[in-house]
Amino acid sequence: MFMLKSLGKYIWGNTNSTEIVQIPYGQLYSVHENYRECMFKDASASIRRTTAEFQYQLVIQRAYEEGEEELEDDGDEAEDEQSFLLDEKLHLRFDVNKDSITIMWDNPDFQDGTLYEFTCENCLQEGVAYTFEMVALQCMYERKYRQSHEKATLADLEQFSNPITRPSKEVDSLENIVTKLDLESEDLMRLKKQEQLDDEIAKKYLLGQQEAEEPLVQQQTSIVNPEKEEVTKTENIKSLEGELMGTISAELHLFDAVEEVFILQDPNVEASVFDLGDWNYWFTISTEEKTWLSQSVDADMNPVFSFEHLSFIWNYFDANSNAFSWLLRFDSQVRMEQFQELLMRALWESLNQQRWLKIDDEQRDYVMETFHEDEELEDSEDEEFARQQLLSRKEEEEEEDEEASDFEDSFADFSDGEADDLDESRWRKEAAKEHNSLLAVGYKNDRSYVVRNNKIGVFKHVDEKGLKFQTALNNLSTPKGKSLRPSKLMLHNQDSSILFQTENAPHSLYHMDIEYGKIVDEWKVHDDVPLVTFTPDNKFAQMTAEQTLIGLSNNSIFRIDPRVEGNKLVAEQFKQYATKNDFSSAATTENGYIAVASNKGDIRLFDRIGVNAKTALPALGEAIIGVDVTASGDFVLATCKTYILLIDTRIKEGRYAGRLGFERNFAKDKKPKPKRLQLSPQHIAMMQRELKGGASFTPAKFNTGIDAKETTIVSSIGPFLISWNLDRVKRGFTDSYKIRRYDANVQAEDFRFGTDRSLIVALPDDVAMVDKSSLRRPTRESICTPVKKLRSKHDIVNAPY
């Protein structure tokens with residue numbers, strides 16, 4: 001608790017600052033005898049000096065997100081800030097951990113037992129929580145004894161610290177009546193880890209009891225599991241504790257992966273959702289006689305709602321990670337809408353850990369519409385035009401399948417020259433036990449760069465369908481000889497340089513001269529600002545001599561200029577935000593507009609650094625791991641683990657119709673509805689052997705080029721390379737994707753610059769150039785058949801590159 005006391009001079013040193021220490025994000029609650037009220041859902045806590053000697057204040061200040069409208073008619077600024085004189089009469093209580101803190105204190109305005117509580121969970125840098133507690137105790141010591149805290153012993157400070165004692169009875173905060181079923185073990189839900197709980201309940205409750213239904217289930221199991229694992233009979237759910245959120249009747253169908261159709265299992269089942277507490281939710285399908293399945297509500301369900309067919313499709317994974325695709329069909333749109341809100345409420349609360357009913361109607365509609373099987377993104381066309389589009393789409397797919405039937409990928413070849421052979425031999429020998437991890441495609445020099453441990457392989461693009469190993473940049477290291485392994489990579493300065501970051505140096509960027517083949521600079525960004533990610537100043541900046549780039553920390557955006565003396569962060573172009581935004585990725589348009597995504601799942605659109613976002617799009621729940629944007633800024637791609645979002649940023653109506661969301665904000669009820677790209681639950685059921693272990697999409701990308709139109713989106717998941725036709729996606733055909741399966745997981749992929757026909761694909765031990773026409777519609781054949789490899793004269797199929 002007091003391990004940071006020796007740092008007191010550093011913490012207290014700046015007497016010109018009123019603020020001594022701060023926790024930048026958390027929530028403030030008012031705790032009463034029978035309920036707990038959230039006062040500020042986003043807040044910061046700080047300890048400030050006052051003008052009086054030995055007097056300090058604990059200050060809780062509300063924070064606003066960009067795009068959040070403040071109530072102008074209140075006129076009460078005091079509501080946005082609560083301050084308390086740090087005195088022992090507050091009876092401060094602390095619960096401090098490495099990365100979290102909870103503080104409780106008496107409400108000085110009431111004597112009825114009302115308390116305040118400030119909580120920040122699992123998001124602080126190590127030491128911040130302990131520092132805050134120590135400073136608070138030192139302030140109370142100074143007030144009581146009217147002398148400097150430097151004279152205090154640890155025992156002197158401990159008298160002001162009290163532990164937090166929770167009431168034995170949980171407070172029910174305006175929730176529905178809890179429905180409890182009989183328990184075999186009352187503590188089962190609380191004591192088991194969620195993964196273990198999933199497996200145990202899945203084993204007991206997934207499959208049917210009736211003898212007549214066993215052949216069908218065994219047939220499905222044999223499709224997805226060649227070992228023909230024996231299916232055990234199950235009993236009804238005998239124990240489940242939780243709040244019954246709702247139950248809806250429907251038909252139940254199971255996907256047959258051999259026939260590629262859904263087969264009716266039961267004409268009348270009850271689909272129920274339970275709230276188990278602690279943001280855990282449970283989904284069951286049952287009748288009076290049996291329980292069909294029981295599973296946790298999470299993103300791996302891959303939920304798809306089709307209002308055209310009044311159906312809901314999702315995935316269930318058993319204890320052995322075998323995937324099953326199930327379908328519920330409803331008898332009316334009303335019932336389906338009721339079920340959708342029921343399930344989406346549970347899923348959203350699970351991912352966001354806040355109450356669905358506390359967000360506004362517009363945000364709830366935004367979330368639910370994103371999970372619909374899509375309509376058109378653009379203005380509707382007439383019926384005849386739509387019919388012709390469908391016919392054209394079908395004909396084009398058939399033509400592409402015919403073209404793809406005999407296609408073989410062109411894997412990288414090595415050169416004949418003596419010097420090149422030496423490079424190849426050294427590369428293969430030194431890198432034989434390592435695997436590819438990162439890919440960067442050149443815009444100007446027609447080359448691709450592939451990272452493998454502390455080496456970078458350079459591959460030249462040959463003709464339209466070939467790659468040729470050119471050289472290896474070996475033994476990446478600092479001037480002092482410290483080995484470096486890139487974790488993020490970017491080409492820079494007309495493709496003459498590579499900038500990269502390593503995981504163990506979050507405050508630095510390394511600058512490599514490609515021609516020289518050595519690291520020439522280490523750029524210290526800032527001692528107190530860790531670099532989460534970085535991106536070019538604009539879409540095509542790497543083709544120019546532009547020196548600056550854009551950097552992100554968890555809650556700030558700034559410019560990096562290597563020409564600045566000392567730290568490379570430009571102080572005049574640094575914007576820090578009050579709340580914990582948890583930024584994760586960024587991309588820029590041709591004009592330098594910036595799209596920024598976060599691990600919370602929200603997206604912000606900026607026209608420049610140093611201002612609040614023009615548009616803030618709500619989070620769906622999953623963390624965003626990558627973002628891309630078209631050169632014009634019309635469309636943004638945001639990649640999550642189980643789906644990809646396509647967002648049209650063009651404002652469609654009103655005063656700013658025709659402008660971009662980067663330039664003007666959308667009306668509150670007119671925010672763009674994302675198109676949700678994902679694998680269909682049916683295809684996941686057929687791919688399940690390859691997607692075991694929680695496979696994730698790689699960051700999706702548009703094709704790009706000077707004056708080129710973006711027409712295609714590419715990503716991958718596990719061993720499957722996947723592409724979407726952008727025009728078809730805009731017209732609502734989000735399930736119209738093409739795939740190509742490899743015999744190893746795809747590590748990274750991107751388009752060759754200036755074309756949408758050629759793709760560069762990095763596998764663990766190979767690099768290939770792929771013709772887009774080789775990707776095929778997902779069928780049992782295309783899903784189960786890996787790509788044939790063309791062996792080079794050096795027979796490098798299983799060797800590095």
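Heads up, the Cβ atoms here are built off N, Cα and C, so glycines get one too.
Comparing Thr478, Thr535 with the features listed in Swiss-Prot, the residue bearing the annotation phosphothreonine is Thr478. Residue with Swiss-Prot feature phosphoserine, selected from Ser185, Ser294, Ser415, Ser715: Ser415. Within the set Ser148, Ser380, Ser405, Swiss-Prot records phosphoserine at Ser405.
Non-local contacts of Thr478 (phosphothreonine) by the CB criterion (under 8 A, 6+ apart in sequence, same chain) comprise Leu484, Tyr510, Ile519, Glu522.
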